[in-house]
Every structure is written in C-alpha cells, then in structure tokens.
Amino acid sequence: GSWLHCGYHLTTSIVAPPLLSLPFAFASLGWSGGIICLVVGAAVSFYSYNLISRVLEHHAQLGRRQLRFRDMAMDILGPGWGRYYVGPIQLSVCLGAVVACTLLAGQSMKAMHLIANPGGTIELYVFVVIFGVFMMILAQLPSFHSLRHLNLVSLLLCLAFSFCTVAGCIYLGTSDRAAPKDYSFSGDGQDRLFGVFNAIAIIATTYGNGIIPEIQATAAPPVTGKMFKGLCLCYTVVITTFFSVAISGYWAFGNQAQGTILSNFMIGAGGNNNKQAAIPKWLLLVTHLFTLLQLSAVTVVYLQPTNEVLERLFSDPRKEQYAARNVAPRLVSRTAAVAVATAVAAMLPFFGDLNALIGAFGFMPLDFAIPALLYNATFKPSKTRPLFWVNAAIAVAFSALAVMASVAAVRQIALDANTYKLFANV
C-alpha cells in the first residue's frame with residue numbers, strides 16, 4: 001500500500017462515532033479544560049504514533065521488520081511485555097471496540113426505525129443481530145490491505161456524519177426549541193473530580209488506535225515517510241471533526257450534553273420510543289445512516305488483530321491464501337468471532353461502561369505511555385537531552401492518568417450496576 005492507504009486506515013481507526021461523546025466530556029471539563037485536553041490529546045497522540053513509526057522503520061532497516069504490536073514489544077522490551085501485557089491489552093481493546101461498534105450500530109438502526117416509525121416496538125437486540133450478520137459477510141475481506149477502498153469511503157463518511165452533527169447542533173442551538181444554555185458544573189466535589197477523570201479518559205480513548213504497527217505493515221517497503229504522510233492526512237480529518245463536533249455540541253447543549261450528542265437531537269417525555277426529532281427528520285436520518293455505515297468499516301478494521309491470531313492457529317502457511325485449506329478455517333473463525341461480539345453487544349447494552357474501563361486501562365497506556373518507552377529503549381537518547389525526559393514524562397503522566405481513569409470507570413460501573421439488565425431495550 002501507499003501512504004494514502006495508510007492514511008485511510010489510520011483515519012478509520014481513529015475518527016469514529018465515539019467522537020460524538022466529546023461534548024459530554026466537555027460538560028465535565030468546561031470550555032478551557034475541554035479545549036486544552038483536546039489539543040493535548042491531539043499533540044501527544046500524533047507525537048506518540050510518530051515515535052512508533054520511527055521505531056518500526058529503524059528495526060526494519062536492521063532486518064527485523066515487526067508486523068504486530070506484541071511482536072514489537074517482545075523484541076524491544078522483552079518476551080514478558082509482549083506475551084503478558086501488550087498482547088492481551090491490544091486484543092482486549094480491539095475486541096472491546098468491535099463490541100462497542102456493534103452496539104452503537106444497533107442503536108443507530110433503532111433510532112432510524114423510531115424516526116421513520118414513531119412508537120415502534122422492535123427491541124435493540126434485533127438490530128444488533130442484523131448488524132452482526134452484515135459484519136459476518138464484511139469480515140471475510142481477506143486482509144488489512146484489502147480494506148483500503150472501504151476505508152477511503154469511511155474517511156468520507158466520518159466527515160459526512162460530523163458535518164451533519166455540527167449542522168444539527170447549530171440548527172437546534174439557534175432555534176426557539178433550544179433549552180437555556182448552562183455551562184456550569186453539576187454535582188458535588190467528589191462527583192466532579194471523578195467526572196473530570198472520566199472525561200479525560202473519553203478524550204484519550206477517542207484518540208486511541210492500538211494498531212499502528214499493523215497499519216504500517218500494510219505499506220510497501222520502503223516505508224520511510226509513508227506513515228508520517230498518512231498521519232498528516234489522518235490528523236487533518238481528526239482536527240476538522242473532533243474540534244467542530246466538540247465545540248458545536250457543547251455550545252448548543254452545555255452541561256446537558258448526553259453520552260452521545262445524537263441523543264440530544266431527540267426530545268420528549270417518557271422512554272426512547274416516545275421521543276420526537278428536534279431537528280429535521282431527514283437530517284437526523286442521514287446522520288444516523290452515515291454513522292451506521294462508518295461503524296461497519298471501523299468494526300472490520302478492529303477485527304484484524306483477532307483475525308491474525310485465529311489464522312495463525314488454524315491456517316496452513318504452506319498453502320495458498322485462497323486454497324480450501326485456508327479459506328474454510330478463515331470463514332469459520334471470522335464468523336465465530338463476529339458472532340461472539342454480537343452476542344455480547346446484544347446481551348450487554350450497558351457495555352459503554354465496561355468499554356470505558358477497557359479504554360482507560362488499554363488505549364491510554366498502549367497509545368501514550370508505551371510508544372515513549374519503546375523509543376527510549378530503541379534509540380537510547382542521552383539523559384542530558386530533553387527528548388529523553390519528554391518521553392519519560394509522557395509515559396509517567398499517562399500511566400498515572402490510566403490508573404485514575406480506571407478507578408473512575410470502576411466507580412461508574414458500581415453506580416450503574418442496579419440498572420443493568422440483560423438484553424435491555426435502551
């Protein structure tokens with residue numbers, strides 16, 4: 001693949017519908033805190049991903065090309081790091097992303113159903129299963145590189161649903177139906193403190209990737225410079241979408257911004273089935289449709305590490321890629337992986353709370369702390385140079401944030417536990 005293909009893969013893995021939670025994070029951080037965290041997240045994640053890319057290029061030039069995150073950790077930090085830390089964390093993050101995307105897709109489908117058919121009685125798990133069946137088909141695309149055209153469409157879709165969301169926020173924020181804007185902080189001191197940690201985790205997780213080595217492995221050698229160009233393309237889209245959605249959503253709804261800003265576009269008393277669209281129905285339908293379609297690309301991207309593990313177990317590398325000996329286990333293993341993720345999404349519609357814990361414990365160390373460690377271990381910059389201490393400070397600061405955000409996520413799970421119900425129709 002070319003640097004453009006890397007850019008498509010990177011954009012799909014980072015710019016995804018979870019960015020619609022950024023106004024909710026701003027509600028706990030305020031204008032200044034939210035913008036500062038958004039800028040710091042963009043700067044540090046861009047820097048960290050470039051560190052990983054440089055480490056991968058360095059080892060490739062030495063004849064040790066590393067294709068997976070866990071292989072990279074095993075080679076540089078030692079076998080224990082790759083086998084017992086980086087590998088399990090990466091797989092849990094990717095599987096969590098697949099389940100979360102499947103659940104979000106089901107919720108988007110249900111929202112579209114209720115907009116078109118107010119008072120509809122089809123439950124959430126039905127839509128989750130429908131999306132899961134679709135993903136069983138899409139998951140059969142043979143390799144990461146084969147997703148390049150799908151991820152180009154995904155790049156356009158993420159721009160589309162973000163711009164539609166911004167348009168909805170501006171429409172509702174300037175209309176007579178808009179609630180009075182309140183930018184004050186709600187809750188007591190303890191709730192506010194944990195809310196800040198949770199908001200930081202949301203922003204950090206939104207910038208999360210977790211599969212940089214796998215994406216760089218799709219580039220045809222020599223790879224020097226390709227990932228940097230791909231990251232520049234990706235972060236052009238990141239800045240355009242993240243900042244516009246976060247700022248417009250918080251401006252329109254203030255501290256009433258919900259977990260996903262699309263929920264603020266539905267108003268009314270009673271349950272979700274009785275709410276009405278507060279913006280033009282066609283705009284809300286189109287926004288959900290773009291979101292749904294982009295979620296399918298994000299899901300299939302985060303299936304790739306799981307696919308690789310399963311195919312290493314069941315495939316025969318001596319046979320050709322499309323030989324029956326390899327196609328059959330690929331079909332079965334990928335279908336089974338999607339089926340498991342779909343079952344979890346249908347059973348646990350409160351998975352967002354669990355995913356916050358996975359994100360805090362997984363994305364933050366994987367994407368912010370470990371890249372700095374890998375760079376210092378590979379290039380061994382002098383302790384008299386600022387570069388060494390900048391990397392060390394990033395590793396320590398984001399490791400501490402990961403611990404605090406994990407505690408906040410566990411606390412939220414405990415608070416919400418009484419409302420949990422299997423196959424809940426939320």
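From the backbone N, Cα and C atoms, a Cβ is placed for every residue, glycine too.
According to TrEMBL, the features are:
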type: DOMAIN; residues: 2-410; note: domain 'Amino acid transporter transmembrane'
type: TRANSMEM; residues: 24-49; note: transmembrane segment
type: TRANSMEM; residues: 84-105; note: transmembrane segment
type: TRANSMEM; residues: 125-141; note: transmembrane segment
type: TRANSMEM; residues: 153-173; note: transmembrane segment
type: TRANSMEM; residues: 193-212; note: transmembrane segment
type: TRANSMEM; residues: 232-253; note: transmembrane segment
type: TRANSMEM; residues: 282-303; note: transmembrane segment
type: TRANSMEM; residues: 331-351; note: transmembrane segment
type: TRANSMEM; residues: 357-375; note: transmembrane segment
type: TRANSMEM; residues: 387-410; note: transmembrane segment
Same-chain residues near the transmembrane segment (357-375), Cβ under 8 Å, at least 6 residues beyond its ends: 44-45, 48-49, 51-52, 54-55, 69, 72-73, 76-77, 86, 89-90, 92-93, 96, 201-202, 204-205, 207-210, 381, 391-392, 394-396, 398-399, 401-402, 405-406, 408-410, 413
Paired segments the transmembrane segment (24-49) and the transmembrane segment (232-253) in contact, 3+ CB pairs under 8 A: yes
Paired segments the transmembrane segment (232-253) and the transmembrane segment (153-173) in contact, 3+ CB pairs under 8 A: yes
Per Cβ pairs under 8 Å, the stretch of 193-212, 331-351, 387-410 packing most closely against the transmembrane segment (125-141): 331-351
Same-chain residues near the transmembrane segment (387-410), Cβ under 8 Å, at least 6 residues beyond its ends: 44, 47-48, 51, 194-195, 197-198, 200-201, 204, 353, 356-357, 359-361, 364-365, 368-370, 372-373, 375-376, 381
Cβ pairs under 8 Å between the transmembrane segment (193-212) and the transmembrane segment (331-351), at least three: no
Beyond the flanks of the transmembrane segment (282-303) by at least 6 residues, Cβ under 8 Å: 9, 12-13, 16-17, 20, 94-95, 97-98, 101-102, 104-105, 108-109, 111-112, 115-116, 131, 134-135, 138-139, 141, 144, 147, 150-151, 153-154, 157-158, 160-161, 164-165, 167-168, 171, 211, 262, 265-266, 334, 337-338
Non-local residues, at least 6 beyond the ends, that sit with Cβ under 8 Å of the transmembrane segment (331-351): 95, 98-100, 102-103, 106, 124-125, 128-129, 131-132, 135-136, 139-140, 303, 306-307, 310-311, 313-314, 416, 419-420, 422-426
